[in-house]
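Step one of this worksheet: look at the structure below.
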Amino acid sequence: MAAAAGEEVEAARWAEAEDERKEGLRRRRRYGLVEYRALPGYMRDNEYILRHYRCEWPLPQVLLSAFSIHNETLNVWTHLIGFFIFLVLTIYTATQVPNVVDLQSLQHLPDVLRNADLHKIQTELVACLPSLPHLSDLQKLKDELKSSWNSIEVLPSLSRWHLLELLSSCLPHRFTHSNETSLSVLQSMKEDIANMIAPQLIRPIPRWPFYAFLGGAMFCLLASSTCHLLSCHSRRLAYIMLRLDYAGIAALIATSFYPPVYYSFMCYPFFCNLYLSCITILGVATIAFSLLPVFQNPEFRTIRACLFFGMGASGVIPVIHKLILFWHQPEALHTTAYEVLMGLFYGIGALVYATRVPERWMPGKFDIAGHSHQLFHVLVVAGAYTHYHSGLVYLKWRDVQGC
């Protein structure tokens, strides 16, 4: 009896172990990669990518799959890395705004001025300038300061005697040794004076259009990366993620217009507001259209590509207008060259996306790496990065010249 009971217990253990092994196999098969033909209809998007699909995995496994190999791995990381690139660029740009003078860089003013509170002196100088006959024209000083960016001579109208007059009249209780000040010291002081009054007379232009573009780029890249990571979880989450992805594309295209339009036409408010309003309305309309359920169907791939390409191509109008107004400005030509290059990146990306090249030529050969959507992602990041450099040119141009 005891022996029989022992055999029954042992048999039960073996049966339990076998059940656990089969359950483990079923779990691994369920969370394994499948072929295109095994996908539900809502996940079928590109019939030329044949294998390595994740299909309706639980959310924890979906999140962890960012660090495993499947046919969406590079789609996730190309735009996630792009997001962090633009995050760093945004932080860098925010630290480069020329909004105050570096008082530590002044060479001779602290030696010549008694008990110098340089921040207070900066305000006193600007307030006093209009009272001096030779320096009352603040617009002339602004123009000279702007031209000094590309000139060896700083403030040519501020001669030695005018400088002495400025210091003795505007800072009578601070300035001493006027007759003992050498020409070399006066020249250096002249540069210091220019450095002090420049931020008060020449304010940096608004940065919000540039930050709007950077925000649109980061939103697009992060939304795209998240979409490619999470859409395999369920039909509902795929529905939400795809619309977020399309909204990100529209946001990137729309906000890409903001820097060139605002900085090109900031002195022409009518055209500036007209172009900004048109592209904003077009972007909102595109997002609304993308909410339609049929918009995500595979047969609408070409329509999606044409819609986004047409939205971007509408930027040709303000670019041509800019060239008509500023054909003599090197900055206008420089920014246009960047914009043409950006358009090439985006245009080629849209073409690759719509035609599904190269995987349509060799189905199954580019499942993991090299298929069209990955190339499209790389071209989008390249186009946005090119546009970032165009924006830097606009900022420097308008900071120096204003209207």
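Counting starts with 1 at the first residue shown.
Each Cβ is built from the backbone N, Cα and C atoms, and glycine gets one as well.
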*asked:* Do Ile121 and Pro358 end up on the same side of the membrane (judging by the domain labels in Swiss-Prot)?
replied: no
*What is the number of residues in the topological domain 'Cytoplasmic' (296-306) that are helix, strand and coil, as DSSP sees it?*
10 helix, 0 strand, 1 coil
*Between the transmembrane segment (307-327) and the transmembrane segment (247-267), do 3 or more CB pairs sit under 8 angstroms, pairs being 6 or more residues apart?*
yes
*asked:* Looking only at the topological domain 'Cytoplasmic' (353-374), what is the model's average confidence as pLDDT?
replied: 96
*Can you name the far-off residues of the same chain, 6+ from the ends of the transmembrane segment (74-94), with a Cβ under 8 Å from a Cβ of it?*
66, 207, 210-211, 214-215, 217-218, 220-222, 224-225, 228-229, 368-369, 373-374, 377-378, 380-381, 384-385, 388, 392
*Considering only the recorded stretches 275-295, 307-327, 375-395, state which has the highest number of Cβ pairs under 8 Å to the transmembrane segment (210-230).*
375-395
